[in-house]
Every structure is written in C-alpha cells, then in structure tokens.
Amino acid sequence: MGKIHNLSILLSFVGLWVTSIFSGELEIFMGFILIFSFGILHGSNDILLIDSISNSKAKYSFLKVLGIYLLTVFAAVIVFYLIPLFAVVLFILFSAFHFGEQHWEHKRLDVSNKLRNCFYFIYGLLVLQILFILNISEVIEIITSITSYTVTYNVVLYSFISNLIAFALTSILLYYKSSQFKIVLLTELFHLLIFTIIFKVSTLIWGFTIYFIFWHSIPSLYEQINYIYGDFNKGNMFSYLKKAFPYWIISLIGISIVYFIFKDEKLFYAIFFSFLAAITFPHALVINKMFANKKTQPN
C-alpha cells in the first residue's frame, strides 16, 4: 500500500500541474472522465465482494444479492427525492466515514474499535470540509439545486472549526494510545496539506476528482483485488475488471440517460451528486464489511 500512496502523491502533483495550465471548464471535463472511469469502476464489483465475504455455508443466490443491492440504491434515490436535505447530510456523513476508513484501515491503529471508527469519521469529514470551505460558492449552488435550501457560509465554517477541534483532540489521544499513529502522523499531516493546496487552486469537481480517484478509488481497487483474489497482480486485475465491466457499463448508461434528460449544467451537477450518493450508501456498507471480515482472517 505504501507504493500506492506514493503513486497517489505523484498523481496529485500531476493534478496540480493540470490546474496550472488548463481552464476550469477543461478541469471539470477531465474530472468527470476520471470519475466515470476509475471512480464508478471501484464500486462496480460490490456484488462480487459480497459473494467473497459470505462464507461457503451462507452463500446467497446472485439474483437475491443483486436484488437487495438494487433495492438499497433505489431506496437512496427515493430518499433523495422525498427528503433531499436529509439525504445530502446522510450522504456526507456516510462518505466521511467511508473515505476515512479506506484511508486509515491498512495502517492498523492499535486502539479500540470505537475510537478507531470515530477517528475514521472525523478524518474523512475533515477532508470533505476542507474541500467545501475552499469551494464554498460552488458547494452552496449544488446543495441549493438538490435541496432548495441555502446553506450559509457560517454553517460550513463553524462545522469545519468544530470538526477541526475534534480532529486535534482525537489525534492527541491517538498519539498517546497508538504507536502506529505516532509513526504515520507527520506523513498524514503532510497529506492533508497536499489536499488543502489542491482544493484551494482547483475547481470543486477537479479537487474532488484528485482526492476521490487518486487517494480513494485506486487504493480501494488495490484492496478489493487483494481481498477477492489473495494477491494484486496483472492477471487478478484483469479478472476484476472483466467481472466489473457489465456493472460499470450499466452505471454509465444510467448517468448518460440522466445527462440527456437534464442538460442544464447546474441541474446535472445536482443529479450527478445524487447518483453518486445513491451508489455510495450500499458500497460503503460492503467495504466496511470487507474490512471487518479481513480482521477475522488469519494472516
């Protein structure tokens, strides 16, 4: 995983270079290309992951698993339609824990599950809040498009400050409780500095893309392939891609239909993030189950 994070740093600086030479419109276009490729792809094999997580005595039929998964996605869509503000808040909270868990799980912090999970959430939320506060106008526009509710700058600012304090306090606690946390603390603070610089100089979509693809999706693909096949190599990677391909295509067709129906840019952004949220809810639960199952397996 160390090599993957080194690659993430390298690609992040490439992303900064892109910001310095291309227009905001082109950044957004490239951002959507990456999200629709690596981003959607990293969540396309949840059905295969569920099958791998289930032990041999508790295997469920493919249609049953697919049905439950699609019902979860459909339920998320309905929630977005009926109570969009609640759905947006829930999406941010789910994403925060999911991003934090993916970033920190392999570091194996030697503390209680409650403290570890709390830190995952606080860290992931902090990353999102840095992105939000440095692109506040775009964020307010998108939230208003989805919910018809206008979030004020002060709400974002005060929630950021509160969570920053929570991050500082939990980091101090972890520093004294976890030897592993001491080892990686300076490196992780450097990573946060990188995120802040990227979010500051890029558009909302491009900044989100750099984090979502280079720091979340690619490491997640690595973890999933390792879990499903027992090793990460070219053969296993192609096997994973082959099985994920049909679900990836279905996702692209779905979002393409949405695009042609809602060609208005602001409305499309709202639909796009709603779509991401709908597939994030079940995906976050599956990945959490995968990490929990890994802990019970012998090394």
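Positions of Cβ are set from backbone N, Cα and C atoms, glycine also.
For reference, TrEMBL has these:
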TRANSMEM  33-54  transmembrane segment
TRANSMEM  66-99  transmembrane segment
TRANSMEM  119-143  transmembrane segment
TRANSMEM  155-177  transmembrane segment
TRANSMEM  189-214  transmembrane segment
TRANSMEM  244-262  transmembrane segment
TRANSMEM  268-287  transmembrane segment
Exercise for the section: With the transmembrane segment (33-54) as the reference, find which of 66-99, 119-143, 155-177, 189-214 contributes the most Cβ pairs under 8 Å. Expected result: 189-214
Practice task
Report, as numbers and ranges, which residues of the same chain sit near the transmembrane segment (189-214): CB under 8 Å and 6 or more residues beyond its ends.
Solution key: 7-9, 11-12, 15-16, 18-20, 24, 27-28, 30-32, 34-35, 38-39, 99, 126-127, 130-131, 134-135, 138-139, 142
